[in-house]
Amino acid sequence: MSHSISAFQAAYIGIEVLIALVSVPGNVLVIWAVKMNQALRDATFCFIASLAVADVAVGALVIPLAILINVGPQTYFHTCLMVACPVLILTQSSILALLAIAVDRYLRVKIPLRYKTVVTPRRAAVAIAGCWILSLVVGLTPMFGWNNLRQVETAWAANGSTGEPVIKCEFEKVISMEYMVYFNFFVWVLPPLLLMVLIYLEVFYLIRKQLSKKVSASSSDPQKYYGKELKIAKSLALILFLFALSWLPLHILNCITLFCPTCHKPTILIYIAIFLTHGNSAMNPIVYAFRIQKFRVTFLKIWNDHFRCRPEPPIDEDLPEEKVDD
């Protein structure tokens, strides 16, 4: 049944639409750049493209579904459950892509001479496929029974109703907080984030160590090789920091919901946490544009070639500042 939308809901929808309008084109541009520029075809940038696919889906799928839930339609329980699961799948895919990127950068500085034989395009493709399959399993777990159906059915039957429950579709009404905290957060979000922090600390340690001395590497100039690795590692660590900053507040609120059911959670904080999670999908292309020269140059070429109709010369795939493959 239709009902009027409040001014607060209208503001919420407006902000969500703005985030989607930044996220979708920005991340499509990232995927386009990786496809267009051969210098962006190594494992790291393939994982970045996988991350961008998840971010496109956030803007094109999750945000419209979040707006739908905010309006509060009356739906069957399992219909609402299907609406709630995509964000779980895409969040997990993003985390695993970030973990793959961290491991890849670690291998580049730990075994520079053997890196190309260890991290092959085929293995990178298998890793990306594995990340998405695992994300589907984790994100669809509520569909296999770990949800709030029993509680909803009990309340449904207590009202003398029969058949599949019809509810006002809300995330917390269908998704179990035990699943969100014990399984999703404590197993599939927090440990990977902590592991990535440790990996990047080790990467920075190894790079600083190598920069302090002359060593053999896959570059004729070790200082140049590790200097480039340091710059890219800082940019990717920034991506990780922004992801954690965007997602931890919502998970902390979930923990409060589970461990302190009587605690009051201000509505404005919940909305801010939701905006942060969705807004994270729009942040990465901006970071790439300002921090990674190869992306910046490719973005400008795409803009001039396809939107300003002013074709530029082919991209120099051996940019000295951030040459990835030697």
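Placed from the backbone N, Cα and C atoms, the Cβ positions cover glycine too.
Note that the structure is a prediction, hence the values are computed from the model and not measured.
Look at TrEMBL and you will find 12-34 (among others) tagged as transmembrane segment.
Residues annotated as domain 'G-protein coupled receptors family 1 profile' in TrEMBL: 26-288.
The transmembrane segment annotation in TrEMBL covers 46-69 (among others).
If you look up TrEMBL, you'll see 75-103 (among others) marked as transmembrane segment. Within the same chain, residues 44, 47-48, 50-51, 53-55, 57-58, 61-62, 65-66, 68-69, 127-128, 131-132, 134-136, 138-140, 142-143, 147, 149, 152, 164-167, 169-171, 173-175, 184, 188-189, 192-193, 195-196, 199-200, 203, 236, 239-240, 243, 247, 277 sit at least 6 positions outside the transmembrane segment (75-103) and bring their C-beta atoms closer than 8 Å to a C-beta of that stretch.
Annotation comment: TrEMBL describes 124-146 (among others) as transmembrane segment.
Annotation source TrEMBL lists transmembrane segment at 185-207 (among others). Sequence-distant contacts of the transmembrane segment (185-207) (same chain, six or more residues past either end, CB-CB distance under 8 Å): 91-92, 95-96, 98-99, 102-103, 105-106, 109-110, 138, 226, 229-230, 233, 236-237, 240, 243-244, 247, 251, 254-255.
Long-range neighbours of the transmembrane segment (232-248) within the same chain, counting only residues 6 or more positions beyond its ends whose Cβ lies under 8 Å from a Cβ of the stretch, are 44, 91, 94-95, 98, 101-102, 105, 109, 189, 193, 196-197, 200, 203-204, 207, 276-277, 279-280, 283-284, 287-288, 291-292, 322, 324. Per TrEMBL, the feature transmembrane segment maps to 232-248 (among others).
Outside the transmembrane segment (268-290), and at least 6 residues removed from its termini, the chain residues within Cβ reach (under 8 Å) are 12, 15-16, 19-20, 22-23, 26-27, 29-30, 48, 51-52, 54-56, 58-59, 62-63, 66, 87, 91, 235, 238-239, 242-243, 245-247, 249-250, 253, 296, 299. As annotated by TrEMBL, transmembrane segment applies to 268-290 (among others).
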For this session: Let me know the model's mean pLDDT on the domain 'G-protein coupled receptors family 1 profile' (26-288).
Result: 93
For this session: May I ask for the residues of the chain that lie six or more residues beyond the transmembrane segment (124-146) and have a Cβ under 8 Å from a Cβ within it?
Result: 43, 46-47, 50, 78, 81-82, 84-86, 88-93, 96-97, 100, 104, 174-176, 178-179, 183-184, 188
